[in-house]
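Structure first, commentary second.
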Amino acid sequence: MIFGTCVGSLADKYGRKRASITYCITYILSCFTKHSPEYKVLMVGRILGGIATSLLFSAFESWLVAEHFKRGFESQWLSITFSKAVFFGNGLVAILAGLLANFLADTLSLGPVSPFDAASCFLAFGMAIIIFTWSENYGDPSEGRNLLIQFKAAASAIASDEKIFLLGAIQSLFEGSMYTFVFLWTPALSPDDEDIPHGFIFATFMLSSMIGSSLASRLMARPNIRVEWYLQIVFLVSTAALFSPVAINFFITSTGQKGGSLTPTGRLLLFAFCVFEACVGIFWPSIMKLRSQFVPEESRSTILNFFRIPVNIFVCVVLYNVDAYPITGMFGMCAGFLFLAAVLQNRLKLAVEKPRTKTVENWTSGTETDSEMEPLNA
């Protein structure tokens, strides 16, 4: 939240390619720190990892959007790229990476640090591709535009444009619930220390996410279906999925018997969690599409990092107080945030439709101007 926001925001001024290379270097160094048993060294590694994560979620997307339009590609192709990135990157590659990590650490008995060493090799390979094949692009590289000015410009853009503000709030609410879910699904599926297949369940989650991203690709390919519309349904379904532990706990009491395998109640919860992961798969390419439409190019990386500040605060507060509340209460809170995201998504839909409705009204009344007719003709 602190270091990552500052470093990630520099991408707009000094270049998104440089920021992407910095991500690779920073995360390689973070992986190297895992070889040390010293707490201070490991803490430095986590700071480097936080900086790298901030760059990962801002610099790459900002570079892609700028490069896409600079080359004159169709905007619709961007949706396809985002969907494939989630399908292959967040889904298929995540599963293969998990299998490789398990093979190195357990099958070859190379220890728990070996997957980090393998990650360093992939990062170095990716950095070579960036260095030799990418061109540089910027947000606003003008002289005298320091970090404080960038922060003020980003804050002003968020405060003055309702669509950007709503987009940031929706992303924070959904991602905050999603990251909290990461810490809750294991105790939810094994409340009595059942022996559950964590690796298989994780692979099932990733497969569900891949199905969701594939569905998102088909939805965004249809011109008569707008992202602002179907995301409301996605958020409502997500609300129901994460509220399921609360409802099940109300109607079904635990036997309290320790051990055993996944219970019928656990299987029901697993299905609900897979539905939520499918919604996550739809959410990522869809929110990327909306960000490419509404977030201004000159401050894109800075604004994307601003969006992540509430997410990090939320997750920190939740994890710090995770033992103070029952797990059903945590799921209920996440479901409430997702429902609020659905309400804000409806508000965003209305905000997007407002200028279009006004233009059509002017056209039908015969008072349209040339500037208003241009988007209508298009």
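Glycine is no exception: its Cβ is also placed from the backbone N, Cα and C atoms.
A TrEMBL annotation is a machine prediction, not a hand-curated record.
If you check TrEMBL, you get these features:
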- 43-64: transmembrane segment (TRANSMEM)
- 85-104: transmembrane segment (TRANSMEM)
- 116-135: transmembrane segment (TRANSMEM)
- 164-186: transmembrane segment (TRANSMEM)
- 198-217: transmembrane segment (TRANSMEM)
- 229-248: transmembrane segment (TRANSMEM)
- 268-290: transmembrane segment (TRANSMEM)
- 302-320: transmembrane segment (TRANSMEM)
- 326-344: transmembrane segment (TRANSMEM)
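Between the transmembrane segment (326-344) and the transmembrane segment (164-186), the number of CB pairs under 8 angstroms, six or more residues apart, is three or more, so the stretches are in contact. Within the same chain, the transmembrane segment (43-64) packs against the transmembrane segment (302-320): three or more Cβ pairs sit under 8 Å, each pair at least 6 residues apart. Beyond the ends of the transmembrane segment (229-248), by six or more residues, the same chain brings 170, 174, 177, 181, 188, 219, 265, 268-269, 272-273, 275-276, 279-280, 282-283, 286-287, 327-328, 331-332, 334-335, 338-339, 341-342, 345-346, 349 to within a C-beta distance below 8 angstroms of the stretch. Among the recorded stretches 116-135, 164-186, 198-217, 302-320, the one sharing the largest number of Cβ pairs closer than 8 Å with the transmembrane segment (85-104) is 198-217.
Under 8 Å from some Cβ of the transmembrane segment (198-217) lie the Cβ atoms of residues 79-80, 83-84, 86-87, 90-92, 94-95, 98, 102, 185-186, 189, 270, 273-275, 277-286, all in the same chain and six or more residues away from its ends.
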